[in-house]
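Here the structure is laid out as C-alpha cells; the discussion comes afterwards.
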Amino acid sequence: MSFNFRIGQGYDVHAFGPGDHVMLGGVRVAHSHGVLAHSDGDVVLHALCDAMLGALALGDIGRHFPPSDARWKDADSAQFLQHCDGLLRERGWRVGNADITVICERPKVGPHAVAMRERIADLLAIELDAVSVKATTSEQLGFTGRGEGIAAQAAVLLGRIAAPHQ
C-alpha cells in the first residue's frame, strides 16, 4: 500500500563553545558563545534535515554529511537542507509543512523566529505559513537548562507531488 503523505521527526544538539554567535534556521544570532560542531552547527536546520530524511527512510544527516569528511568543515547548513530537499524532490516528494522547536535558555529565539521561518521557507521554496519556529526552555534542567548547549526538534509532513524520477 502506498500513501501520499509521510511524517518525519528529527533532533539535534550542540554544546556551546567559543564564539560570538549561533546559527539558527539559517540566521546568525548574536550570543555569548558559539557551538562546537564540524559544520556551522545550526541545530534547527540539522533537525529539519533529519526529519526530512527520516520521512523517506534515507538515513540521517551524519550519513549524508559525515563529520569525518573535510568538505563539510564549517559548512553552511543551508547546503545540507537544499541537498535533502533535492533528494525528496527527486523521489517525487516535497515538504508540506515543518514544525520546529528550539530548546535553550539563551539566546532568546523569539526575536529571530520570523527571520528563521522566512529563510527556511525560501530554502525549501514553500509558503511562509508552512514553517513554524518556536522555542521553549527546559526550566533550568539538564544541559540546556544549565546553559551548556542548545537543541532543536523538528517534525515534517511530506506530500507526494509526482511519481519518482526513473
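Including glycine, each Cβ sits where the backbone N, Cα and C put it.
Remark: His46 (divalent metal cation binding site) has Gly10, Asp12, Ser39, Ile61, Ser77, Phe80, Ala152 as non-local neighbours, by Cβ distance under 8 Å and separation of at least 6 in sequence. If you look up Swiss-Prot, you'll see Asp12, His14, His46 marked as divalent metal cation binding site, on the strength of sequence analysis.
As annotated by Swiss-Prot, 4-CDP-2-C-methyl-D-erythritol 2-phosphate binding site applies to Asp12, Val13, His14, His38, Ser39, Asp60, Ile61, Gly62, Thr136, Thr137, Ser138, Glu139, Phe143, Arg146, with the evidence given as sequence analysis. For Ser138 (4-CDP-2-C-methyl-D-erythritol 2-phosphate binding site), the same-chain residues that are 6 or more apart in sequence and have a Cβ closer than 8 Å to its Cβ are Ile103, Glu105, Thr144, Gly145.
Of all Cβ atoms in the protein chains displayed, 16 besides its own lie within 10 Å of the Cβ of His38 (site 'Transition state stabilizer'). Under the DSSP three-state reduction, His38 (site 'Transition state stabilizer') is assigned to coil, being neither helix nor strand. Under the heading site 'Transition state stabilizer', Swiss-Prot lists His38 (among others).
In this structure, Thr137 (site 'Transition state stabilizer') belongs to neither helix nor strand by DSSP; it is coil. Positions annotated as site 'Transition state stabilizer' by Swiss-Prot: Thr137 (among others).
Summarising the environment of Asp12 (divalent metal cation binding site), the number of other Cβ atoms within 10 Å of its Cβ, over all protein chains shown, is 24.
Fewest Cβ neighbours within 10 Å among the recorded positions His14, Ile61, Thr136, Thr137, Phe143: that distinction goes to Thr136. His14 (divalent metal cation binding site) is 10 Å away from His38 (site 'Transition state stabilizer') when you measure Cα to Cα. Here His14 (divalent metal cation binding site) is compared against the recorded positions Thr136, Thr137, Phe143, and the shortest C-alpha distance is to Phe143.
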